[in-house]
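Copied over from TrEMBL, here are the features:
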type     : residues : note
DOMAIN   : 9-64     : domain 'RNA polymerase Rpb7-like N-terminal'
DOMAIN   : 83-119   : domain 'RNA polymerase III subunit Rpc25'
DOMAIN   : 151-238  : domain 'RNA polymerase III subunit Rpc25'
REGION   : 195-215  : region 'Disordered'
COMPBIAS : 203-212  : compositional bias 'Low complexity'
Amino acid sequence: MFVLVEMVDTVRIPPWQFERKLNDSIAEELNKKLANKVVYNVGLCICLFDITKLEDAYVFPGDGASHTKVHFRYVVFHPFLDEILIGKIKGCSPEGVHVSLGFFDDILIPPESLQQPAKLYPPRPGSWHSGHSMGSRPARPRLLYVGLSPLFLGLPSDEAEQVWVWEYETEEGAHDLYMDIGEEVRFRVVDESFVDTSPTGPSSAEAASSSEELPKKEAPYTLMGSISEPGLGLLSWWTSS
């Protein structure tokens with residue numbers, strides 16, 4: 001899940017930090033620059049591990065700060081493919097199940113990678129999932145908890161919270177196993193995607209388009225997961241008696 005990555009960077013130390021130890025000032029500046037940032041094709045930077053080499057520092061004309069080339073190792077979140085991770089369900093949508101690790105939220109388990117047969121509940125009007133229609137199935141009631149007392153709010157609307165359901169087949173028939181928000185889920189990492197989100201100047205086509213259209217925000221680093229194997233999915237599904 002976590003790896004050590006060797007990096008090289010030139011660190012600028014302002015004059016008012018000269019009274020501090022050089023290593024402490026450099027460590028602080030590196031963490032300010034990299035911590036909780038995604039480096040393209042590297043992963044999510046967590047924290048500085050150590051400094052392996054300091055080269056000569058230079059002070060340039062017109063700038064009272066020192067500039068030091070630093071060789072260091074950084075702790076990076078970059079799980080390898082086929083690694084098994086445990087997270088919590090953040091939400092469900094037609095795109096799949098969204099999972100969070102607490103410090104990293106851009107994890108998606110697409111519908112084809114869920115335990116099958118699976119369906120979205122409640123479905124959108126006229127939609128079909130895994131060859132099953134949910135039009136005749138009663139909707140789940142919603143509860144609002146105030147203090148310790150639940151208040152019944154009635155049936156969910158089309159915009160209400162949706163969950164994916166695994167139709168688990170048994171000798172007695174199918175049982176619906178819901179993937180509720182907040183449940184812990186064990187999944188396998190099957191793919192990753194890096195997107196270069198560095199700012200760029202507007203193209204001629206974008207300049208001609210309406211200024212009211214906001215660009216779609218993309219996650220710089222996304223993991224794709226799968227729970228389509230025995231033992232994967234909600235931890236509560238596989239609890240031994």
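Even glycines carry a Cβ here, placed using N, Cα and C.
For the domain 'RNA polymerase Rpb7-like N-terminal' (9-64), DSSP puts the residue distribution at 16 helix, 24 strand, 16 coil. Mean model confidence of the domain 'RNA polymerase III subunit Rpc25' (151-238) amounts to 77 (pLDDT, 0 to 100 scale).
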